[in-house]
């Protein structure tokens, strides 16, 4: 993940004319105090899109010309590539920097977590997975046999036909609130959808009346953080746990976490880089965007303490809880949000807690909400503060929003400028269906 301080450098490089590239590169190396005597090592991966192979080769050519070293992992998901970098940057302490190492680490943790709940070969848990016609299908097929004793996965939209993310995948399901095409869903079957590069995941099901139910990143974060809090209570350790959300998180999820589970919740600006950075402040930081992108981070001190407790605790219950937590640490991809890793964590928790997807969904009821975007001449007219939840300019806009919000129970609303196009994004929620917005002018 690119450090925020390097975004300016990346922008300069992207905007540079070809003849100016050497000068821009030297300027960056000076500003960032790069040691040019140190050998560069680049980790490369690509997905299944037709353009990927050519782009990957261009990167290899560029690294070769600049006399750098590289390792080409070929076809990998985005989170797998992050995993490889993390392993290499920790000199192998985080794990083995190979696909086999990735599969082995995750599958061992998953099987250890769920082994006591596996009663017989006839009781395999079954899950239908919409792979968005992306790289996730290929990699999940490779991993399937590693976890086959604990989980049976049935793949749909696996790339053999259909276009990437077209009428399927996590973004489509979340945005349209309906099942992906290409997946046959029966009532009460547990289903999930990856996005095209397999760093996002949402769950969904049809009830007995055929109504579609979406379980997004908010409910994923709630399930995971509740489970972690229960394990910490069982162990008797006071490690601090925090959940990081954005302004788009449904208010019901925030209230459930704070008031029922007594887990502190923090809000950051939209964008996974902001959530990841905030989550690093806790012993255990849980972050998920509503779109299903997220993971859990464990501080080095917390990880060391938990692994130590698995050896030192004599009480069997506390020791078992510590061992579970140790396996959870290994099951998460702490380098980045990872649909495969998150899927295995969720499946393990549902198994251990003996929860159906309907019971998970019923932890709380989402407040009705609406999102829309309004095209404007200049998005920079609007500026925000408080993690994009309060408008600073233009004057009077926040007061107008406040006046509207006062009219409804459990209501809130915010507007924020898009980071990439001249539109303003609008979000509103309340305890009854939010009325359709009239024309907006900015």
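Glycine too: its Cβ is placed from the backbone N, Cα and C atoms.
As given in TrEMBL:
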type: DOMAIN; residues: 35-87; note: domain 'Alpha-D-phosphohexomutase alpha/beta/alpha'
type: DOMAIN; residues: 97-202; note: domain 'Phosphoacetylglucosamine mutase AMG1'
type: BINDING; residues: 195, 197, 199; note: Mg(2+) binding site
type: DOMAIN; residues: 216-354; note: domain 'Phosphoacetylglucosamine mutase AMG1'
type: BINDING; residues: 289, 290, 291, 416, 417, 418, 419, 420, 425; note: substrate binding site
type: COILED; residues: 299-326; note: coiled coil
type: DOMAIN; residues: 391-434; note: domain 'Alpha-D-phosphohexomutase C-terminal'
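Locations of recorded TrEMBL features on the structure.
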residue	record	CB count, 10 Å
195	Mg(2+) binding site	29
197	Mg(2+) binding site	22
199	Mg(2+) binding site	27
289	substrate binding site	23
291	substrate binding site	20
417	substrate binding site	21
419	substrate binding site	10
425	substrate binding site	20
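Tertiary neighbourhood of the domain 'Alpha-D-phosphohexomutase C-terminal' (391-434): same-chain residues 247-248, 250-251, 270-271, 367-385, 440, 442, selected by CB-CB distance under 8 Å and a gap of 6+ residues from either end. Sorting each residue of the domain 'Alpha-D-phosphohexomutase alpha/beta/alpha' (35-87) by its DSSP state yields 24 helix, 13 strand, 16 coil.
Cα to Cα, residue 197 (Mg(2+) binding site) and residue 291 (substrate binding site) are separated by 14 Å. Helix, strand and coil content of the domain 'Phosphoacetylglucosamine mutase AMG1' (97-202), in residues and according to DSSP, is 40 helix, 19 strand, 47 coil. Note: the Cα of residue 419 (substrate binding site) and the Cα of residue 199 (Mg(2+) binding site) are spaced 21 Å from each other. Cα separation, residue 425 (substrate binding site) to residue 199 (Mg(2+) binding site), rounded: 23 Å. With respect to their backbone Cα atoms, residue 199 (Mg(2+) binding site) and residue 291 (substrate binding site) stand 10 Å from each other. Shown for the domain 'Alpha-D-phosphohexomutase C-terminal' (391-434): DSSP residue counts in helix, strand and coil, namely 9 helix, 16 strand, 19 coil. Residue 195 (Mg(2+) binding site) and residue 289 (substrate binding site) have their C-alpha atoms 14 Å apart, to the nearest angstrom.
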